[in-house]
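First up is the structure itself, then whatever we jot down about it.
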Amino acid sequence: MSQQQISLPAKLINGGIAGIVGVTCVFPIDLAKTRLQNQRPGQQIYKNMMDCLVKTVRSEGYFGMYRGAAVNLTLVTPEKAIKLAANDLFRQHLAKDGKGLTVFKEMLAGCGAGMCQVIVTTPMEMLKIQLQDAGRLAAQQQKPIIMSPTKLVATNAVLSRSYNSGNVVSAPRTVSATQIAKDLLRTQGIQGLYRGLGATLMRDVPFSIVYFPLFANLNQLGKPSRDESSPFYWAFLSGCAAGSTAAVAVNPCDVVKTRLQSLNKGASEETYSGVVDCISQIMRKEGPSAFLKGAGCRALVIAPLFGIAQVMYFVGVGEYILNNAPLSRNLNTVL
């Protein structure tokens, strides 16, 4: 019982720390992914990931690559904690008599983890996307000539303010995620923050179904023996391989989710009434290749993110923190 009581908090700590470290490392690539996925034919501002990052730094400064990072860093701790801990708990519940899980049961555990995490993932992604895409919308409105002093049109009253820029076109000043959330709650209620919930489930559940069983089996190959754990570098590589594979597999769903959760549209950009309408319009107007937009960026984001997560998770930072906490030391002394 004592071990079970310590186990869950330790898992939550491991998942949270892993999420913060991973997001900090790969967030600029995630921003590029969002902007590339939202581009439409004939209105392309960025050629590829590197072109997007270079143009972002030039127009918005270095910290422009971290638009929306604050909301991610705030909510990624519970999101990753729920995902990793839920999968582990489902696996424990499905295991019988200490026997290994079948692939089907591993997929079932991953499915449960994916369904649990959307409670946090959907509003986190909703707010993040608004901030990440603001620079693309502003750049789309700018003409490719030297502009005279003029008042820039804001991408949206919720996201930016217009201001005079003299002879140099500057990036729009975005408001905080907190203000966006307040405006959504005031105008649309709680469902405003959960816009795109169906698409998020459509992405995260298959992702977890692919990722967790694949990681478990890849990690198993690195174990020196049945009773020993795999080396940390093998856990990292297994997390990277499983994460990138799952990310590319569900990228079409991520494109649909990104489009549905983008509140602000550029010139001539269509709106969608739901998942089915979004899929049909993308297929008709942009072709099947549009569903792979940002796939490379997404693989580069997810691979190190989950590699770092698995290393933190299996090294046991959470267990170390709990075992060395003042309360834990006092209890051990009494016992």
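FYI, residue positions are counted from 1 along the chain as it appears here.
Placed from the backbone N, Cα and C atoms, the Cβ positions cover glycine too.
According to TrEMBL, the protein has these features:
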type	residues	note
REPEAT	6-93	repeat 'Solcar'
TRANSMEM	12-32	transmembrane segment
REPEAT	101-221	repeat 'Solcar'
REPEAT	230-319	repeat 'Solcar'
TRANSMEM	299-322	transmembrane segment
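Cβ atoms under 8 Å from those of the transmembrane segment (299-322) belong to residues 6, 9-15, 17-19, 21-23, 25-26, 29-30, 33, 49, 80, 84, 211, 215, 219, 229-230, 232, 235-244, 246-248, 328 of the same chain, restricted to positions at least 6 beyond its ends. For the repeat 'Solcar' (230-319), the DSSP-based tally of helix, strand and coil residues reads 70 helix, 0 strand, 20 coil.
Residues belonging to the repeat 'Solcar' (6-93) score a mean pLDDT of 85 in the model.
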